[in-house]
Amino acid sequence: MLKVLDSPVVPTKVISDSGLASPFPGVVPPPGPIWFPSVMGTGILSNLLGLHAERIPLGAYFSLFFLAVSWTLLVFLTSSFVVRCLRSATVFREALVNPAQIPFWGTVSMGFLSAGAASTVALPLFWPDLADFAWQVDTVTWIIGASIGVVSAVYFAARAFGSSLGKPNFVWGLAVVGPMVAATVGANLSPHVGPAYGPLVLILSFCCFMITLSLGTTIFIQGYAEIWGRSPLPLPASASSWIPLGLVGQSAAAVQAISFNLENFASGSVIPTAHFLANVYDWTLLVIGTPLTMWASFVTIRGVLNRMPFSPGWWATTFPIGTLSLGATLMAKGTGIEGFMWLGAVGTLALVGTVLFSGLGSLRAVFVKLT
């Protein structure tokens, strides 16, 4: 039987033993970083539903709904975690040093970033006068999210090289993907912060892109080598098979966002060159990502059929599916191929199902398993 854990004392097992299995075995984890994948999953769903409002019936209304859900989760999880930390310093210390919890700081970054970015899409659909306010909110969440993301990535890299965190696995990638989300959000934000700061934001976004590309590629290559060559993915960690695809989809979106918004600050041959390189990069990712998506789908379906136990790691399936959909949507703009836009819309519908699946699993774990 699962139970909610209120004690600050948590186990210190390394995350490689069970991937995205809960670091609080046998319990529903208390509010904290481990739950932030729910924020980023609902946030990117709101964003995509707004972008595809013309293609998905009632998309605009559901975009606003999931925006409210995302912000509710963000405020609740943040405030609850702060309260827990104030009650016991052990809670915050464990979140910083426990190998099972460290990677989830990357999801905190992505939660802030996705909620802020979704605000710029969903709110203007109903209240155009709130567009400027939405971009101001996005600016604040970008500063918070990007800062947490960069610190999380650098800190995890230092821990990975400086001490043993166990065998390489996909969950490590959660710690370093945040800057890639910051790259996409920052690139789209750059035209809205004024000519004095726009170029700086775009440059910082590109730097964030490079941080995640270098660290994430290294981690995921090691992860695939470990899982395919030596240690098969355990059943509780089935959902973690999607994590590398978060890098694929988000980086595909990031290069397009950077190349689009470069037009606001540069001119001449650099613009078509940037678009060309972005398209080449995305086509390469399409070739790499397609078989990896098929494998992740197989592993996850197999896990569901074999009754994989619940953990907040179920939410790991949401953001990668969302980033793949976002990448396809922006690739449609970059290549001019309308089929990618519809691929993004279909991916958005798949994300609706995934979010509902993860949400119902969470509610069942919290409420049903308490009895």
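Keep in mind that glycine also has a Cβ here, set from the backbone N, Cα and C atoms.
TrEMBL has this to say about the protein:
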type     : residues : note
TRANSMEM : 58-83    : transmembrane segment
TRANSMEM : 104-127  : transmembrane segment
TRANSMEM : 139-158  : transmembrane segment
TRANSMEM : 170-190  : transmembrane segment
TRANSMEM : 196-221  : transmembrane segment
TRANSMEM : 280-301  : transmembrane segment
TRANSMEM : 313-334  : transmembrane segment
TRANSMEM : 340-367  : transmembrane segment
Item to check | Cβ contacts under 8 Å made by the transmembrane segment (196-221) with residues that lie 6+ beyond its boundaries | outcome: 146, 149-150, 153-154, 157, 168, 170, 172-173, 176-180, 182-187, 189-190, 243-244, 247, 250-251, 254-255, 257-258, 261-262, 264-265
Checklist entry - Sequence gap of 6 or more, Cβ distance under 8 Å, 3 or more pairs: do the transmembrane segment (170-190) and the transmembrane segment (58-83) meet that? => result no
Next on the checklist: As a test: from 104-127, 139-158, 280-301, 313-334, 340-367, pick the stretch that has the greatest number of Cβ pairs under 8 Å with the transmembrane segment (58-83).
Outcome noted: 104-127
Next on the checklist: Which residues of the chain, 6 or more past the ends of the transmembrane segment (104-127), have a CB below 8 A from one of its CBs?
Outcome noted: 32-34, 36-37, 39-40, 43-44, 46-47, 49-51, 53, 60, 63-64, 66-67, 70-71, 73-74, 77, 95, 133-135, 137-142, 144-146, 148-149, 151-153, 155-156, 174-179, 181-182, 184-185, 188, 319
Item to check | Feature contact check the transmembrane segment (313-334) with the transmembrane segment (280-301), CB under 8 Å, 3 or more pairs | outcome: yes
Next on the checklist: Taking contact to mean 3 or more CB pairs closer than 8 A (sequence separation of 6 or more), are the transmembrane segment (313-334) and the transmembrane segment (340-367) in contact?
Outcome noted: yes
